[in-house]
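K.L.:
Pulled the feature table from Swiss-Prot, pasting it below:
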- Ser47, Arg156, His232: substrate binding site (BINDING)
- Asp85: Mg(2+) binding site (BINDING)
Amino acid sequence: MTWRSRREALRAILSGSRCARPASVFDPISMRIAEDLGFEVGMFGGSVASLAILGDPDIALITLTELAEQVRRMSRAAALPILVDADHGYGNALNVRRTVQELEGAGAAGLTIEDTALPQPFGEATPQLIAIEEGFGKIKAALDARGDPTLVIVGRTGALAITSLEDAIERAQAYEAAGVDALFFTAVKTRAQLEAIAAATTLPIVLGGPSEEISDWDYLAAQRVRIAVQGHAPIAAATQAVFDTLKAAAAGTPPMQLQGLASSELMDWVTRAALVKQRGANFLGLKK
């Protein structure tokens, strides 16, 4: 699957009538597992990227180069379309252009640009938002930088958790006017909030962590939600598994008695061992 076909697959989700559950992915193996299990799209969250690449919390320490290289590795490993959290675009509107170019070249099917002021400004104890005008400019810059018109650009606002529903809607309308392909909202908790957002906008909606009140997939689909992020449990599960295994090993548990390990069959599957062996036979004269 080419980069463009992945982007077209993401666009098909956004233009459809269902709400998709994305797989939270963070490396080549998680990409392959998600693809093999039948997920339609992967979400590479900013917090997950910070954990996977730096081992740091989500405080905007990661660089564009680090993010793009990880996306490139993931894109190479599987054909699953990836929606990448590009945070604030790593700077101003001109930096956003570079961000789009790098992530497009790395194989991202789509990316989100948000209006949170990152990194956190000096002296501010709580998250802040950039001005609507600056956010509008960032979206216009992102669209201008796009080499492949099928690359999905998503405008994201965190206003609902910081200012108000009215501000979130005003920002979303500005990003829609700028030409984004979809709108991403965080901190939507109630049906009333979601219905107000859906009524005030026309584009496909992506939700970050919908609350229990609105976690009905038919309802979400009816409100034009096409992707609903379900948190990032896989990297937490992987972290716990590594911790438990190393804890047992440190306590003296023999390797053959360690619990919860992937079988050799699963390891062969996720590493595409049979394909690598076939290539060895084809190109190195090795026996199958």
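A Cβ is built for glycine as well, from the same backbone N, Cα and C atoms used for every other residue.
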K.L.:
Calculate the distance in Å between the alpha carbons (Cα) of Ser47 (substrate binding site) and the residue listed as 'Mg(2+) binding site', and round it to a whole number.
P.N.:
9
K.L.:
Using a 10 Å radius around its CB, how many other CB atoms surround Arg156 (substrate binding site)?
P.N.:
27
K.L.:
Let me make sure I understand the span of the substrate site: among Ser47, Arg156, His232, what is the greatest distance between any two Cα atoms, in Å?
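P.N.:
Those residues reach a largest Cα separation of 18 Å.
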K.L.:
Using DSSP and collapsing to three states, where does Asp85 (Mg(2+) binding site) fall: helix, strand or coil?
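P.N.:
Asp85 (Mg(2+) binding site) sits in a strand per DSSP.
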K.L.:
Using Cβ atoms only, which residues of the same chain lie under 8 Å from His232 (substrate binding site) while being at least 6 residues apart in sequence?
P.N.:
Ser24, Phe26, Gly45, Ser47, Val48
K.L.:
Quick check on the binding-site residues Ser47, Asp85: which one has the highest count of other Cβ atoms within 10 Å of its Cβ?
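P.N.:
Comparing the binding-site residues Ser47, Asp85, the most crowded Cβ belongs to Asp85.
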K.L.:
Determine which residues of this chain, when Ser47, Arg156, His232 are set aside, have a Cβ within 8 Å of the centroid of the substrate site's Cβ atoms, and list them as they appear in the sequence.
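P.N.:
Residues close to the substrate site, other than Ser47, Arg156, His232: Met43, Gly45, Gly46, Val48, Asp58, Asp85, Gly208, Val229.
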